[in-house]
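Working notes, structure below.
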Amino acid sequence: MPPFISHFFLLSTFASLALCSFYCKNPGYPCLNGGTCLYNGECNCTSGFRGFNCGLDSSTISAACTVECHNKGICYNGDKCYCTKDYMGPTCQQAYDFADCNKSSMKIKAYRPTEFNGEMFLMQSMFGCKLAEVTSTIAGYKQYELDVPHDSTGPCKLKKTIDATTGDVHFEVNVSTIHHAGQFGMYDGLKTVSCHYSSRDQAIVKDVTNQDLIVSVTASDGSTPNLQEIPSNDVIHLTFKPVNLPGGYKAVKILDLEMYSVVEQWNEINSMVLLKDQCMTQKADELGYSVSNEVDGTSGRAILKAIPLFENVPAPVHFNYRLRFCRNRCILKSCASPSLKPMPKGEIFKHQGQGIRIV
């Protein structure tokens with residue numbers, strides 16, 4: 001057969017590959033409990049049985065279950081899960097085809113029945129991008145893997161897209177399965193596996209202090225830097241600036257922030273949690289600290305009112321904090337707005353100035 005005819009046959013066969021994972025005409029995918037394999041690769045179940053392979057006895061389906069079945073799995077016998085055709089495991093938590101999304105690569109993995117004697121490869125290159133069989137981590141299945149670097153430029157190159165707004169990065173690739181080596185048929189499959197790297201998620205959390213030389217922490221009133229004293233009820237700008245972040249990380253934001261004061265002669269300490277999981281706490285709001293959590297370029301900044309923790313005692317305030325480091329830029333979560341507080345009954349309303357007219 002001339003080479004160009006063979007090449008055309010290969011391309012046209014790829015175009016006809018199916019998208020589903022179970023075909024009873026393929027080795028290792030039988031119809032159970034007396035089910036019949038139809039011409040289209042689906043199972044026709046006998047009375048009382050159901051499911052893609054007729055493997056579920058309808059009389060055993062449980063309304064109450066002691067386990068949680070994932071990915072649309074069905075609970076039976078009270079503590080077991082019958083999975084859909086694309087998932088496996090005790091609670092249907094494991095996909096047959098998936099990827100481990102690593103820092104610099106995408107490791108493609110797949111499980112197949114022990115009767116499987118075919119091949120798996122990336123759609124764009126049958127010969128250069130095969131998944132290799134490795135020692136299986138799940139009994140009763142064969143396991144296949146291929147580790148593809150994110151920056152691969154060869155035949156195994158991944159499809160990469162970047163969200164211009166969020167900076168999120170998405171990699172994907174089509175994985176072909178043929179059930180008879182060197183042969184293509186209408187019951188062979190094609191699956192898309194992907195990795196999504198969110199600019200919010202690509203980060204690490206670390207307890208830090210100034211001695212770690214990872215960030216510098218400065219306090220100001222918005223104009224004068226590195227303040228050591230600030231009048232009560234003035235505004236504090238507390239800035240966390242990256243200095244020597246771990247490899248690959250460029251920006252920082254504040255997760256948690258606590259202010260505390262110690263009066264040594266009384267052996268007492270007072271503290272106030274200002275930010276929790278990036279948002280101002282209800283108590284800080286009620287006591288008037290008016291905390292704002294912000295991102296300024298690569299730095300994280302908290303702006304708050306300077307309210308002493310001890311009345312009439314000049315005790316310095318200190319801060320405990322937890323930070324998140326981000327690879328590109330940090331994006332803050334959306335926090336619920338503080339609730340409006342009604343004026344107590346009998347309170348005389350006082351105001352000064354002409355105010356602002358809202359039009």
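In case you wondered, yes, glycine gets a Cβ from its N, Cα and C as well.
Residues or ranges marked as signal peptide in Swiss-Prot (evidence: sequence analysis): 1-20. Marked as domain 'EGF-like 1' by Swiss-Prot on the basis of sequence analysis: 21-55. What Swiss-Prot lists as disulfide bond is Cys24-Cys37, Cys31-Cys43, Cys45-Cys54, Cys65-Cys75, Cys69-Cys81, Cys83-Cys92. Per Swiss-Prot, the feature domain 'EGF-like 2' maps to 61-93.
Overlay of Swiss-Prot annotations on the structure.
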{"residue": "Cys24", "record": "disulfide bond", "DSSP (3 states)": "coil"}
{"residue": "Cys37", "record": "disulfide bond", "DSSP (3 states)": "strand"}
{"residue": "Cys43", "record": "disulfide bond", "DSSP (3 states)": "strand"}
{"residue": "Cys54", "record": "disulfide bond", "DSSP (3 states)": "coil"}
{"residue": "Cys65", "record": "disulfide bond", "DSSP (3 states)": "coil"}
{"residue": "Cys75", "record": "disulfide bond", "DSSP (3 states)": "strand"}
{"residue": "Cys81", "record": "disulfide bond", "DSSP (3 states)": "strand"}
{"residue": "Cys92", "record": "disulfide bond", "DSSP (3 states)": "coil"}
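Measuring Cα to Cα from Cys69 (disulfide bond), the disulfide-bonded residues that fall within 10 Å are Cys83, out of Cys31, Cys43, Cys83. Same-chain residues lying 6+ beyond the ends of the domain 'EGF-like 1' (21-55) with a Cβ under 8 Å from its Cβ atoms: 74, 82, 84-86, 96-97, 112-117, 179, 187, 189, 191.
Cys65 (disulfide bond) has Cys81 nearby among the disulfide-bonded residues Cys24, Cys43, Cys45, Cys81, Cys83, counting only those with a Cα within 10 angstroms of its own Cα.
Within 10 Å of Cys31 (disulfide bond), counting CA to CA, the disulfide-bonded residues Cys54, Cys75, Cys81, Cys83 contribute Cys54. Listed in sequence order, the residues of the same chain lying 6 or more apart from Cys43 (disulfide bond) and placing their CB within less than 8 Å of its CB are Cys24, Cys31, Leu32, Gly35, Thr36, Cys37, Phe52, Asn53, Cys54.
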